[in-house]
Amino acid sequence: MTSDSTTAPRNAAGVFEGSVASDAAASVTVVAFNVALYTAVRYAPEYLRLLGNGPVVIGLFGSIATLLAVAVPRLGFVADRLRSSAAPVVGALASLGMVCWLAAPQLGPTDGVRTVALVFVGLALIESWQAVGPETAAAIGVVPQRIRDRVPQVIRHARTPRYVALLAGLPVVVGLLTLISPAITALQVVLGLAAAIGVTTTVLLAVLDEDEIPAASADLVTGSARSNDATDDETAADGWITTPDEPIRSTLDSLRSLPRSVRQPLFGDALVEFAVGMVSVFLVITVTSVLRIDVTLLGQRLRPDAFFGVCLVAEMGVALIATEPLTRLANRIGRERVVAGTLLVAALFPITLVSAPANAAIVAGLFAAFGLYRAGLPTRHAFVDGIMTGDDTTTETDDANDISDDRRGYRTARAALRVPSALVGGVLYAVSPTLAFGLAAVVGAVGVREFLVGTTRLGGDPLDAG
């Protein structure tokens, strides 16, 4: 490009990089890739099971996924050096990760170690995108300001467009899993589609001009200002962690310095998080191999793996619809009451699921109820930040760069605590699914009790009205 061409107006039919169409296409493919990766990670335990692996390996997969989600963001300096190239690079790595998963069965059933190793390598590559890649059309740095300004304020919060995208994409996955047999072939088609979307996303991100990336959102490209939305209970960690340089010793010291009345509800919150981590990677195999629910929907017979996709739709739908009502309810009756209720839902979910009859409506309803835990995440995060700062007006959308050392330390500690949870769950699941889910419920119940006792000490019984 010549020097005078940099000041000349762009021809509407000319350079692809600068066109609104290319920006919009990049936005759409980024969102689609996030949906594809989310789906792949949620179905990965079933994929591992179909490859002949047991609960311990699946639990190890979940723990490594959580560990990577905590550790990879600490490599943000690499993304900073790559600058605008960071998004294409991590897109290429994540696409390669999908290819690794796709190729794993080709190694054959006699080479289980290399098959598992390839899946774990793919996980590490995928996590590079999950940790430092752009997230949504409204938040990613590759979307020029002129496009982002047209996005209604109500969907600029990262969680909302993600849930909407998942609700749009999951039925496609359910359709593929319904129409294609056997199950492992259907999952490979899903992985192949995810890899294709990843390659397309990488190409579109690579061709965008660096000068098309607004300075205000450049950090989002490199991942140094990742959204504070929580990922929930997937195998990945919270996503609410932005602590690249927080030493563990400093973290523990800052937590010890907190008053007991503050530490106790935080401990309860962390215990519930651990309980969710114990079972999250086993939800899909519980539906497919324990409950074994198949159902006829719209004239099509859905296998258990396809039905799990329906359960995810129910969960995400409630999470999307209930977030704002729960926030308003928290403003009326107090955050601690809403948080306690959603923590109780999470604590009871494992035992109610594993004890449920093999009835599609009941199981889908349980996943829908678990969506309330997701819906309460903004209130929960705001409550935790509020009790640590003594500021009841703290909101979840506060700039992550402005959080205190105590708040940052807690986020790090809670994420680190969750790392072994999936492996613990896997060891117990190998003995009995009921044992694993039952003990997870016990851990969650203890967490709820600690939370209630702690909030009572903070300022009155949270169960009292007013």
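Numbers here mean position along the shown chain, with the first residue as 1.
Cβ from N, Cα, C; glycine included.
The following features are taken from TrEMBL:
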- 20-41: transmembrane segment (TRANSMEM)
- 53-73: transmembrane segment (TRANSMEM)
- 85-104: transmembrane segment (TRANSMEM)
- 163-184: transmembrane segment (TRANSMEM)
- 190-208: transmembrane segment (TRANSMEM)
- 266-286: transmembrane segment (TRANSMEM)
- 306-326: transmembrane segment (TRANSMEM)
- 338-370: transmembrane segment (TRANSMEM)
- 427-448: transmembrane segment (TRANSMEM)
The transmembrane segment (266-286) in contact with the transmembrane segment (163-184), cutoff 8 A, at least 3 CB pairs, sep 6+: no
Cβ-Cβ under 8 Å with the transmembrane segment (163-184): same-chain residues at least 6 beyond its ends: 31-32, 34-36, 38-39, 46-47, 50-51, 105, 136, 155, 190, 193, 288, 300-303, 305-306, 309-310, 312-313, 316-317, 319-320
Cβ-based contact of the transmembrane segment (427-448) with the transmembrane segment (53-73), 3 or more pairs under 8 Å: yes
